[in-house]
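If you check Swiss-Prot, you get these features:
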BINDING   R32, G244, D245, T277  substrate binding site
BINDING   N34, F35, S36, H37, R73, K156  ATP binding site
BINDING   N34, S36, D66, T67  K(+) binding site
SITE      K219  site 'Transition state stabilizer'
BINDING   E221, D245  Mg(2+) binding site
Amino acid sequence: MRKTKIVCTIGPASESEEMIEKLINAGMNVARLNFSHGSHEEHKGRIDTIRKVAKRLDKIVAILLDTKGPEIRTHNMKDGIIELERGNEVIVSMNEVEGTPEKFSVTYENLINDVQVGSYILLDDGLIELQVKDIDHAKKEVKCDILNSGELKNKKGVNLPGVRVSLPGITEKDAEDIRFGIKENVDFIAASFVRRPSDVLEIREILEEQKANISVFPKIENQEGIDNIAEILEVSDGLMVARGDMGVEIPPEKVPMVQKDLIRQCNKLGKPVITATQMLDSMQRNPRATRAEASDVANAIYDGTDAVMLSGETAAGLYPEEAVKTMRNIAVSAEAAQDYKKLLSDRTKLVETSLVNAIGISVAHTALNLNVKAIVAATESGSTARTISKYRPHSDIIAVTPSEETARQCSIVWGVQPVVKKGRKSTDALLNNAVATAVETGRVTNGDLIIITAGVPTGETGTTNMMKIHLVGDEIANGQGIGRGSVVGTTLVAETVKDLEGKDLSDKVIVTNSIDETFVPYVEKALGLITEENGITSPSAIVGLEKGIPTVVGVEKAVKNISNNMLVTIDAAQGKIFEGYANVL
């Protein structure tokens with residue numbers, strides 16, 4: 001199972017039912033809607049399509065609303081475009097004017113108060129660089145030197161690297177978009193241009209007013225956000241490393257180190273993190289990724305990201321399906337190369353000690369040591385699954401939850417496969433329900449060793465405090481085990497020694513009432529022994545112990561109830577017999 005999650009931006013190239021289906025089948029876990037573009041009507045159409053297709057495919061796909069944010073842009077230019085030439089001067093006005101090579105205006109009136117002589121102003125993703133030469137507060141104009149030439153079109157982005165701006169946390173448009181998202185029951189809000197914890201709290205205030213349970217992922221895109229990351233994470237549910245504007249606001253050579261640090265801080269707190277922007281950028285035009293892009297995606301996974309994101313590749317590119325498949329294949333390959341033992345050791349040192357984390361560590365270590373097939377997390381809020389995920393176990397994590405909302409929010413968490421299953425509230429019912437659901441997914445089958453973890457008493461969120469090692473399978477009989485071995489073989493029911501004569505016993509488990517000295521030559525050739533006679537001093541127990549053969553004695557009605565030629569597993573340590581293959585210790 002692929003563990004790294006894939007976020008796809010839905011746009012003109014991918015909004016059809018046919019393409020949404022292809023993206024889901026290719027590996028999309030979360031659909032991102034960019035509210036910098038499009039109307040509410042257009043986005044509602046996309047939401048309806050995503051949910052319709054996901055329901056038809058019986059897949060869980062979450063929806064992420066990405067706000068436009070309090071960005072700074074230029075106003076319109078004369079004839080839609082102007083040419084700025086290196087060496088010339090240009091005036092940036094706080095009053096709206098039609099842009100010319102001599103003067104243009106910006107949407108942020110306080111820019112004049114935030115910059116100072118020597119500050120840099122970057123236009124159109126940093127393609128044009130200006131340096132402040134003079135500030136005229138009376139005229140509300142900033143005179144700049146043009147450091148490199150370029151064409152400037154309408155409404156292009158403006159960045160102020162190293163400058164602390166006084167923009168609001170969210171705009172009125174953002175607030176309207178968030179209320180729309182609440183109405184449409186989206187799962188995540190990616191908040192653009194977050195600089196301070198108060199920016200996140202403004203969004204939370206809107207969510208609390210509407211009693212909406214939507215996770216907030218701030219996008220860190222500037223130096224101020226980087227500087228305040230610890231405080232921002234305290235009030236956030238996760239994080240997006242938005243490398244596009246970040247690479248303009250800070251020197252590009254610093255972005256990889258900042259990415260690693262942001263991911264590490266999220267890993268420490270067990271909060272999901274998305275790495276975004278230009279991951280497979282060339283696939284907007286080409287059907288194959290570059291080697292550098294493949295390395296970029298893999299390194300983000302090695303850094304510890306929960307999810308990787310596609311932007312223009314799926315929103316407007318020529319090869320949206322191929323981009324998702326490429327992302328999936330890179331993720332699977334990178335995960336296969338991970339040293340999960342070292343990863344667990346590193347995470348154990350990184351994450352702070354607490355009661356909940358102690359259970360998480362125990363589950364992860366036990367899963368590694370016993371090589372369990374899956375970890376089944378029964379969870380109301382998703383907290384149990386996230387607790388396990390932070391330790392990056394090699395085993396699959398199956399999150400069984402009664403809530404569709406929780407299942408969708410688990411779609412962003414590394415290694416977690418969410419499954420919706422209603423169930424009763426008692427602890428026994430919860431555990432049985434979790435095991436049955438895990439089997440239904442096809443991820444585990446009879447004979448697999450799994451770990452079940454949950455919080456008890458049931459129904460309370462954030463109380464992960466229980467771990468149980470469980471063997472999936474049908475126990476057909478039990479008695480007193482002799483020795484600590486286990487064996488898998490085909491039964492041969494022998495009411496008398498004559499039933500054993502002339503038989504190849506090399507793959508057989510002998511089932512009989514009792515044995516005497518005439519049975520011994522046959523028993524020592526067999527894989528295992530099951531008898532009805534009781535006691536550790538019985539002939540069956542003594543022979544089994546002397547010959548080193550896994551044996552279970554005292555099994556009631558063994559000859560009657562255990563069929564001939566049945567594949568069974570003997571677990572002598574527990575005195576149990578399972579039908580079929582069972583991965584016993």
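Every residue gets a Cβ built from N, Cα and C, even glycine.
In this structure the alpha carbons, written CA, of K219 (site 'Transition state stabilizer') and D66 (K(+) binding site) are 9 Å apart. Taking the Cβ of S36 (ATP binding site) as centre and 10 Å as the limit, one finds 12 other Cβ atoms among all the protein chains shown. The binding-site residues D66, T67, G244, T277 include none with a CA atom within 10 A of the CA of R73 (ATP binding site). D245 (substrate binding site) and E221 (Mg(2+) binding site) have their C-alpha atoms 5 Å apart, to the nearest angstrom. A 10 Å radius around the C-alpha of D66 (K(+) binding site) takes in these binding-site residues out of S36, K156, E221, G244, T277, in sequence order: S36. For T67 (K(+) binding site), the Cβ neighbour count at a 10 Å cut-off comes to 25, with all displayed protein chains included.
Across the annotated binding residues for ATP (N34, F35, S36, H37, R73, K156), the two most widely spaced Cα atoms sit 17 Å apart.
Counting every protein chain shown, the number of other Cβ atoms lying within 10 Å of the Cβ of R32 (substrate binding site) is 25. A C-beta separation below 8 Å, combined with a sequence spacing of at least six in one chain, links G244 (substrate binding site) to D125, E221, A276, T277, Q278, S311. Sitting within 8 Å of the Cβ centre of N34, S36, D66, T67, and not among those site residues for K(+), are the Cβ atoms of L33, F35, H37, L65, K68, G69, A190, S192. Following the DSSP three-state reduction, the secondary structure of K156 (ATP binding site) is coil. Within its own chain, F35 (ATP binding site) has H43, L65, D66, T67, K68, D174, D177 as residues 6 or more apart in sequence whose C-beta sits under 8 angstroms from its own. In sequence order, R73, T74, L123, D124 constitute the residues six or more apart from K156 (ATP binding site) in its chain with CB-CB distances below 8 Å.
Classification of H37 (ATP binding site) by DSSP places it in coil, neither helical nor stranded. For the recorded positions H37, R73, K219, counting C-beta atoms within 10 A of each C-beta gives the highest total at K219.
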